[in-house]
Amino acid sequence: MLNTFIFVVLPYVALALLIFVTPYRYLTNRLTWSAYSTQFLERKALFWGINPWHYGIIPILAAHVVGVVAPGTVKGFLANQDTLIILESLGLGLGLFALFGCLVLLPRRVNSPLLKRVTFASDYILLILLTLQTATGIYIATFMRWGSQWYLHTAVPYLWSLAAMSPRVDYMADFPMVLKLHAAGAFLIVALLPFTKLVHLLFLPIGFIKEPPILYRWRAKHMP
Ligand code: HEM
């Protein structure tokens, strides 16, 4: 029951929301189609949060994707023990770097009265979810060795079975709960993407330049 919910219901609901809500938001609420900046309210903690987060998580997500699209090539790479250890260590370092970023960004919003005023429930939910997602990933990488290898023989065929509309839950059913939570977290993040500022992920960096500017209106007493 739980397995069916996590590995069948959640991913398809997430995909449906992504496909239908994203264009709706793009067409009806264009000015919110971005990670609106809080840089002019607070920039010191932002620097120490946003940089580790992005430099850590982007290569990790890219590695997740490369495993899915080119499992054979990755398998060849990881067959060499030295390469396996180097890549896993690199992944762990990047994961910890990303987690550090989350742990700066979350209190940044909680502790600043000025930022609190421009922080929505969706911002908190997203930040907490990303922190948990990163933490469960680090746990898996540390205590369920060697994830980069068994991922190719379990999660990857499962994800392909999802894409083929014929989900093979058996690939994932016997994993410990922490991996199920990690997968559920990933689907939840995809489901929330069109409702939160994570929607900016759909832009290539160049897209930001072409986008219309975001309009801020502040009353004088709110100005920093
Ligand atoms: C929003 C999507 C996701 C995010 C942000 C994410 C994030 C992470 C992070 C930060 C790590 C730690 C990397 C390290 O320290 O080496 C990790 C590891 C891992 N993730 Fe994910 N993940 C996502 C989706 C998924 C999905 C859908 C699966 C499979 C169903 C998955 C399976 C794994 C596995 C097996 C590891 C361990 C890799 C290793 O041991 O090197 N992840 N993830």
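Each residue, glycine too, has its Cβ placed from N, Cα and C.
Per TrEMBL, the features are:
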DOMAIN    3-219  domain 'NarG-like'
TRANSMEM  6-24  transmembrane segment
TRANSMEM  45-65  transmembrane segment
TRANSMEM  85-106  transmembrane segment
TRANSMEM  118-144  transmembrane segment
TRANSMEM  181-209  transmembrane segment
Please indicate, using numbers and ranges, the residues of the same chain that are 6 or more beyond the transmembrane segment (6-24) and have a C-beta under 8 Å from a C-beta there. 158, 162, 167, 169, 172-173, 180, 183-184, 187-188, 190-191, 193-195, 199, 202
Determine which residues of the chain contact the transmembrane segment (118-144) at the Cβ level, with the cut-off under 8 Å and only residues 6 or more beyond its ends counted. 38, 41, 57, 60, 88, 91-92, 95-96, 98-99, 102-103, 105-106, 109, 150, 176, 178-179, 181-182, 185-186, 188-189, 192, 195-198
Mean pLDDT for the domain 'NarG-like' (3-219), as a whole number? 91
